[in-house]
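As annotated by Swiss-Prot, region 'Large ATPase domain (RuvB-L)' applies to 4-184, with the evidence given as sequence analysis. Per Swiss-Prot, the feature ATP binding site maps to 23, 24, 65, 68, 69, 70, 131, 132, 133, 174, 184, 221; the stated evidence is sequence analysis. Residues or ranges marked as Mg(2+) binding site in Swiss-Prot (evidence: sequence analysis): 69. Among the features that Swiss-Prot reports, region 'Small ATPAse domain (RuvB-S)' is placed at 185-255. Per Swiss-Prot, region 'Head domain (RuvB-H)' is recorded for 258-335, and the stated evidence type is sequence analysis. Annotation comment: Swiss-Prot describes 294, 313, 318 as DNA binding site.
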């Protein structure tokens, strides 16, 4: 089982990007959720524009699917500058990054997704570029090699990562602004559902929007993906409009329950409760019991279940919490 097979995956799936780009907010005033981040960014952007400066370099981190790329686009729009986009794995050689930097216009935004995956040699190029707006390039090889400096226009680097702890200290310290994106509450997700439905030309009631929001695992990317599938259901099984009943039937058919769990989440929890008496159970035994890889459990399934309080990870193994028992209408055996 891979993350790309799951409807409730927070990672980008094949049909997400083009549709998400069409409904993506363009300005801070259109951005739903993350109120503290929006308030701070509005001040920082306004101050930079008043001074005629480039915005300070910005690091955005948090779980996947929460809007890091969207926020980078908004920053460029609010600053009235161009956005150049790339990602850590794409920048294999120092020359790849140098080519992008030398093509920037004053105050442009360079957005590097998955910045924690930059190679050390590329990262070294970034240090003087971020700090002094200079590019240090080695010309030639061996004893004849020499370093030349190229001046760069003032620019803003926006780095996005799901693993802020994987960034080296020298790189992390060069970001003047650091923003963490949190999981969204149901009210904000409901607003996102309603907004996306308008862009898609779909009629949806408040109850229908809330049903989709409740099962979206706090993640707008999942919200929009579920909405597209519910729209299909409403089109074929109803009159095209989405109300609470249609949304519930559609999501039940898709095996996404009221907590946002899919069959794999439920399979894991039921295995701990039924096969291992609620735990503790080691991850290797658990992987064998449900027929999945250890990495799938640790990297794909566990983070959300732990964050929601359904699994506790201890030194002796995984334990199903009372929350998990209540979700399935079960009572823990006290013996």
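The first residue you see is number 1, and the count goes up from there.
The backbone N, Cα and C atoms fix where each Cβ goes, and this holds for glycine too.
Everything Swiss-Prot records as a feature, shown here on the structure.
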residue	record	DSSP class
23	ATP binding site	helix
65	ATP binding site	coil
131	ATP binding site	helix
184	ATP binding site	coil
294	DNA binding site	helix
313	DNA binding site	strand
318	DNA binding site	strand
Provide the number of Cβ atoms within 10 Å of the Cβ of residue 294 (DNA binding site), excluding the reference atom itself.
13
In whole Å, note down how far the CA of residue 23 (ATP binding site) lies from the CA of residue 313 (DNA binding site).
38
Only counting partners 6 or more residues apart, tell me which same-chain residues put their Cβ under 8 Å from the Cβ of residue 318 (DNA binding site).
272, 279, 280, 281, 282, 283, 286, 302, 311, 312
When you look at 23, 24, 65, 68, 69, 70, 131, 132, 133, 174, 184, 221, which the record names as binding ATP, what is the longest CA to CA distance in angstrom?
37
Candidates 23, 65, 131, 133 (binding-site residues); min other-Cβ count within 10 Å returns 131
Fewest other CB within 10 angstroms, which one of the binding-site residues 184, 313?
313
For the recorded DNA site, whose residues are 294, 313, 318, find every other residue on that chain with a C-beta no more than 8 angstroms from the centre of their C-beta atoms, and list them by sequence position.
282, 283, 286, 297, 298, 302, 311, 317
Residues near residue 69 (ATP binding site) in space but at least six apart in sequence (CB under 8 A)
85, 111, 113, 160
Find the average pLDDT over the region 'Large ATPase domain (RuvB-L)' (4-184) in the predicted model and report it.
89
Roughly how many Å lie between the Cα atoms of residue 294 (DNA binding site) and residue 23 (ATP binding site), rounded to a whole value?
36
